[in-house]
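Taken from Swiss-Prot as is:
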type	residues	note
TRANSMEM	9-29	transmembrane segment
TRANSMEM	74-94	transmembrane segment
TRANSMEM	104-124	transmembrane segment
TRANSMEM	127-147	transmembrane segment
TRANSMEM	156-176	transmembrane segment
TRANSMEM	197-217	transmembrane segment
TRANSMEM	251-271	transmembrane segment
TRANSMEM	291-311	transmembrane segment
TRANSMEM	316-336	transmembrane segment
TRANSMEM	345-365	transmembrane segment
Amino acid sequence: MTESNRRDISWIFALLAAYFVLQVGVRLATSHSLDLDEAEQAFRSQWLAAGYGPQPPFYNWLQYTVFQFAGVSLTALSIVKNLLLFISYLLYGLTARLVLRDKALVAIATLGLLTIPQMAFEMQRDLTHTVAVFFSASIFFYGFIRSLKQPSLASYLIAGIGIGFGLLAKYNFAILPAAALIAALSDARLRPRIFDWRLGLTAAVALVITLPHLFWLKDNLDFATARTLEKMTASGDASYLTQVAMGVSSLALAIISFAALTVAVFAIVFGKSLRPALGSGSEWTRLLERMMLVFLAGILLLIVFGGAAGIKDRWLVPMLFILPLYFCLKIEAAGVETGKALRRFIPVVAVIMIGVPAALYGSVAAARFTGHYERLNRPYAGMLEILRKQAEPAAILAGDSLLAGNLRQDIPGVPILSADYPGFNPDLTSRRPLLLVWLLPKGGSEALPPDMAEWLQANLGTSAPEASVIDVPYFYGRGDDRYRFGYAWVNQPG
């Protein structure tokens, strides 16, 4: 091993910490408006529940807790996400250090996560629940590998925490610990680590963490799973064979989308030595191979027997996030010299660390030149500021959760309901005036949406009030481009 490979790897974590601080700054500088998942967190922070709908509640619980101390703000949202991502990378690096001797490969494996588009770009853009899955998977994977190599009460406890958090992050997380269990049981040398009394602690911790949500899930199974199943099985009137073909092809495309850039980067960095390295192996590469095979087999079962027709690349995060580490284990097993590879890898990482924040900011700011607007260009705060000059609302009914969450961060002391989410329905009988706000589709009707009119009639016995329209300049708007909102008042004073 070269001298450069022996040096301490703490610089990796310092670099990542600086990167995620930069991401917080870029997010705050880009726009005050919230995207879909951010708005969902702001909206649902008005109440604490054992379950909220199609997504398990881990991220909601975490964000609710932070909001109680820090207030509802974009800053709190961005810090929570990037702190979770930093901890995930940190745990991934610690896991790599457990199984890799070459410190250069530890660095490449850890920073290699940035070569996965779903990890580096999509998680910054939105996808809060996928961030929670990655965080949970990193905890579990560290606890699992440590339990196999350096078993202790703490390692089994960490694995249990990871499983508990993961099941509260996304239901498909269950495939990961199942794959790990089957993969370890199939190796006689690792089997004693599974038939260990401390595994009972793992199961107990996971059960305690998930128990409140499991009680809720028992009574709300259809509500919790209907939307996900609808997405997975959206094959129209296709025949069974067509549905299976759609599912398998979508899985193949998802794998390519997830892994292609990482494979390309490793091919560039290691050159001709990569291909023979992929034929090498160790007990750790064989373990990871079995885990990935079991995970993919589980998804294939969902396709063949569960009717899944559309597999999304982000659904592969609980397993395929191990790819950079897997490649590095292969390379170490082949005895490839890594000093030059690390020097070639660092510029790639630098391009990603600069390019991703620039792309995130540019996708919104470029609207002033292109006229193409994202959700973050919408001027929710400007609209609310104008309407509050007409009257101070005692409560707000928004047309959807995206709008409700954006309003919530600017007027946190007022109950905000959403017409598309019946789970939060406080008594508004004595709260007047009530402000109704909705998004106006291009070329659509300016009248009060039917679902909001139905809500008023069902909950307040009130007929639809007169609707008005307000238009507000976009963030980074081109020329005089403006975004239009519909609004109405119920019992406006004066």
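Every residue gets a Cβ built from N, Cα and C, even glycine.
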Cβ under 8 Å, sequence separation of at least 6 from the ends of the transmembrane segment (291-311): give me the contacting residues as numbers and ranges. 175-176, 178-180, 182-183, 231-235, 238, 243-244, 246-248, 250-251, 254, 318-320, 322, 326
Taking residues 6+ outside the transmembrane segment (74-94), which of them lie with a CB under 8 Å of any CB in it? 9, 12-13, 16-17, 20-21, 23-24, 27-28, 32, 34, 38, 41-42, 62-63, 66-67, 106, 109-110, 113, 123-124, 128, 131-132, 134-135, 137-139, 141-142, 321, 325, 409
Between the transmembrane segment (156-176) and the transmembrane segment (316-336), are there three or more C-beta pairs closer than 8 Å, counting only pairs 6 or more apart along the chain? yes
Let me spell it out: take the transmembrane segment (104-124), skip the flanking residues so only those 6+ beyond its ends count, and list any with a Cβ under 8 Å from a Cβ in it. 2, 4-5, 9, 12, 15-16, 23, 27, 81, 85, 89, 92-93, 96-97, 130-131, 134, 257-259, 261-262, 265-266, 269, 313-314, 316-317, 320-321, 323-325, 327-328, 331-332, 338-339, 341-342, 345, 348-349, 352-353, 356-357, 359-360
With Cβ distances under 8 Å as the criterion, find the stretch in 9-29, 127-147, 197-217, 345-365 that has the most pairs with the transmembrane segment (316-336). 127-147
Surrounding residues of the transmembrane segment (9-29) on its own chain - C-beta under 8 Å, 6+ positions past either end: 74-75, 78-79, 82-83, 85-86, 89-90, 93, 97, 103, 106-107, 110-111, 124, 353, 356-357, 360-361
Which residues of the chain, 6 or more past the ends of the transmembrane segment (127-147), have a CB below 8 A from one of its CBs? 37-38, 40-41, 55-56, 58-59, 62-63, 81, 84-85, 87-89, 91-92, 94-95, 98-99, 118-119, 155-163, 165-166, 168-170, 173, 176-177, 180, 193, 198, 202, 314, 317-319, 321-322
